[in-house]
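These come from TrEMBL:
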type	residues	note
ACT_SITE	B:100	active site, O-(5'-phospho-DNA)-tyrosine intermediate
BINDING	B:196, B:248	Mg(2+) binding site
DOMAIN	B:71-139	domain 'Spo11/DNA topoisomerase VI subunit A N-terminal'
DOMAIN	B:191-360	domain 'Topoisomerase 6 subunit A/Spo11 TOPRIM'
């Protein structure tokens, strides 16, 4: 990632514009201020047409000459300045590193710029919405998980990697997968299969499902990290590949699917570039245990947290569709949840040889 | 992994021998029994000569005609039978899958063979020690984490993978890295650098430290999973590469180093094939913050749990050496701990350009 790259230049220009605005206010002897879009639940809507969760138009001001706002004002510029340095030298770093880079004790006081990382993380999110640049464009990365294999060549930071020849290991999906880092090369893929769990991914990889089916096989180790979500979104929008999601039959699995599909409330401002409204749910459906004859001892009893979560989810506008109500209500009334691995009770490779092929053949998925 | 492979044949023979022994006892109208090496703390010793934690000679019997032992007897054979099936079809599976594969309700009772996975996991460990085969040789895998890059070609399940060209992503280290799955090809590596954290690994990878220094760069996402430990052990023993470990300056970081070096108490029976007694600790040392001028605000105050852990660790025979006492006692008396990322306060690439090169040049490491 060289400084010379176009994305970095654009982001640098955005940060500089922010700083120049403040400098001009100072020169005019005005109280310098930042206008930051509000990232609160009240400023989040579900856009029924685009089918994604979006940030509304509410904004808040942060003035320098305001006792309550001065610290956050200063913190925002500290983070912006560190990102500027990263962009200029063409390096990326973790949000943990950024916290240490920007942590100082102020003068002779015992005041720190930041006391904990949970103070610097929201400032990063503020900066993202204020200058309209994803965290990745600010050259920051979060922890990552996730592996991908399949009929595709990717160019990662100049290295050509053949995802058809990754053995049992797989290519680790980076945290930053923007087009200036990851480019898609030749591919024969017909769709993307995103599975919730690494162990399930390994079953599909060992059985070479992706080769027989010509699909990209990716997992995100539970709730997929940003890199995995963004990469799936890029394959969907740039390569026009359908996306199928395979998760546990429990409220958490359904929620993972929902975040992939329409984004999350927390990061609503990024839905445009992270959500895949066309993503399809291939299971485990609440009706699968009966349909695929899973013995009762493979079920897990639901707890109070599960039931509470289902109630919450039934109130989300994006779960309003009849088929989702049926799923969630069946799960609640059965009082049972099932992991993907429960299918192993029907045979080691039942999932790759019977379950999923039948689901796709019958177009038995939910949207 | 084909059934035909030699390792699988050997493991199959071990399982069959176990079963035949029992059948013979039955034919002789004797009470069939299993002899299982004891995996308790009392049966674990530190072998000062080999410098690894080892299992002692104590064993326990599990008889079929014994109310207290019959269930475990049966469970052991259920697991053995599932592993036999895996070996015969040349597939591997997760320990979670194995739990579902072997979970049944017995006849018309409400008794299950296993109620939770924490019942089947210890049975796997019992089987490992009883037939003297690593879990990986039984074709079982655990969750995995960890990535590797560096000047080496590996052959993974028949695919040739150039770890010199893995971009920002890296090759995901599989859970099973036995020689029948992973073979080492051409390499120019001079040593192995194992870092505790993924974010730190990304810093070293982005700075192409492994290229300048000609080293294998690997991380295990905290306490390294079995695959990472075994792979490092294989590179050390088969390729004669020195191993350097970079962890946080806290009891947990030191413990990670200790597990890599001499194995763990829990899995003492595997130390021979997992531990790297020659592993060297390159930091963060309790004396580094002063030596490398880390400002005080980058320190984290220790909590009661940390102090308690240090006391425990001072009693381990493998921390008896003077240099380790100094490290642990300094940490306790400073009442401060430091993350690797604290070095970022000295500059984005301080760790790759100054800290580690100096440590290695000065041979400033602990053993």
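Backbone N, Cα and C atoms are what each Cβ position is placed from, and that goes for glycine too.
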Inset, instruction - Under 8 Å, Cβ to Cβ, against chain A: pull out the ones among the recorded positions B:100, B:196, B:248 that qualify, in sequence order. - result: B:100
Inset, instruction - Write out how many residues of the domain 'Spo11/DNA topoisomerase VI subunit A N-terminal' (B:71-139) are helix, how many strand and how many coil, based on DSSP. - result: 46 helix, 4 strand, 19 coil
Inset, instruction - Using a 10 Å cut-off, grab the number of neighbouring Cβ atoms around the Cβ of residue B:248 (Mg(2+) binding site), all chains included. - result: 22
Legend entry - residue B:100 (active site, O-(5'-phospho-DNA)-tyrosine intermediate): tally of other CB atoms within 10 A of its CB: 25
Inset, instruction - Output, ordered by sequence, the same-chain residues six or more apart from residue B:196 (Mg(2+) binding site) with a CB under 8 Å from its CB, or 'none'. - result: B:219, B:220, B:222, B:245, B:246, B:247, B:248, B:253, B:256, B:340
